[in-house]
Amino acid sequence: MLIIKKSSELTCVIKNLKKKNKSKIALIPTMGNLHRGHLELIKIGKLKSNILIISIFINPAQFSNSKDFRNYPKTLNEDIKKLIEYKVDILFCPTLKSMYPFGYKNHTLVNVVQYSSILDGKTMSNHFIGVATIISKLFNLINPDIAIFGQKDFQQLIMIRQLVLHMNYNIKILSAPIIRCFDGLALSSRNRHLSLEERKKAPKIYNILLELSKKIKLNKLYNLKKDYDAILKNYLIKLNNYGFKVEVLSIRNAKNLMPIDENSKQAVILCSAKIGSIRLVDNIKIKL
């Protein structure tokens with residue numbers, strides 16, 4: 001596996017790869033602390049390409065506060081061992097200076113306006129602007145044929161599809177399903193920070209999403225806003241009683257995250273909630 005830390009070196013490597021007409025490049029952007037969910041992305045990448053590039057960069061621009069950034073798990077050595085085992089072709093793990101030579105606070109920003117301030121964007125100041133900015137930089141540096149993201153961060157996935165469309169990137173966006181623990185908790189790098197008691201409660205989010213999806217299907221309330229708002233309120237109370245501080249619990253069109261209506265064919269139920277200081281996100285899609 002080739003390990004690259006400088007953007008200039010990456011540019012040269014990509015240029016040489018592009019000269020080979022049969023090279024099909026897949027990119028999987030990550031912030032490291034790799035787990036089974038990332039392995040699923042890698043499996044798709046290896047299946048759909050012949051050059052697989054993983055990026056590991058903990059992007060300060062997408063954190064709401066400096067404490068979260070400092071506390072994010074940094075496991076580069078362990079990640080490198082895993083990527084070698086998974087037979088990844090290239091690891092791009094740039095320094096902060098390499099990605100933001102003038103400082104990220106002074107950097108030109110990319111704002112996908114339709115998605116940066118709704119749902120999770122309401123409570124996570126500038127998060128999606130930071131994500132869109134770093135993904136744009138990676139796309140510009142690598143110019144992959146495909147890029148692969150997980151469905152757990154569903155709003156991010158939809159936003160990136162919009163980014164590709166609006167900025168005329170010739171990149172196919174693929175997604176991988178959520179990978180869960182034995183009890184239903186969605187795998188996340190932040191799970192390691194949960195206390196034993198918080199870890200026991202954490203799967204309640206997925207349980208609530210399952211109950212909610214069954215309730216909606218059973219009652220056929222796909223396009224009656226007043227009805228599903230009432231249902232959401234009941235489950236919001238349940239989550240609060242379990243000890244969660246709910247930031248988002250919403251039913252949206254799975255294609256564009258707009259409110260569902262009579263023309264919606266698939267919905268997504270989104271939940272973002274804190275337990276203690278740890279923020280968990282999850283979702284479940286349902287056919288309408």
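Keep in mind that glycine also has a Cβ here, set from the backbone N, Cα and C atoms.
For the recorded site, LEU34 (ATP binding site), the DSSP three-state label reads coil. LEU34 (ATP binding site) is surrounded by 24 other CB atoms, counting those within 10 A of its CB over all protein chains shown. Swiss-Prot lists 31-38, 150-153, ILE179, 187-190 with the feature ATP binding site.
Sequence-distant contacts of HIS38 (active site, proton donor), defined by Cβ-Cβ distance under 8 angstroms and a gap of at least six in the same chain, are ILE28, THR30, GLY150. Here Swiss-Prot flags HIS38 as active site, proton donor, drawing on sequence analysis.
According to DSSP, GLN156 ((R)-pantoate binding site) is assigned to a helical segment. In this view, GLN156 ((R)-pantoate binding site) is surrounded by 21 other Cβ atoms within 10 Å of its Cβ, with every protein chain counted. Among the features that Swiss-Prot reports, (R)-pantoate binding site is placed at GLN62, GLN156.
Residues annotated as beta-alanine binding site in Swiss-Prot: GLN62. For GLN62 ((R)-pantoate binding site), the same-chain residues that are 6 or more apart in sequence and have a Cβ closer than 8 Å to its Cβ are ASN126, HIS127, PHE128, ILE129, GLY130, VAL131, ILE134.
Long-range Cβ proximity for SER189 (ATP binding site), meaning a same-chain Cβ under 8 A and a gap of 6 or more residues, is found for MET31, GLY32, ASN33, HIS35, TYR72, PRO73. Counting in whole angstrom, GLN156 ((R)-pantoate binding site) lies 18 from LEU34 (ATP binding site) by their C-alpha atoms. Annotation note: GLN151 (ATP binding site) sits in a coil segment as assigned by DSSP.
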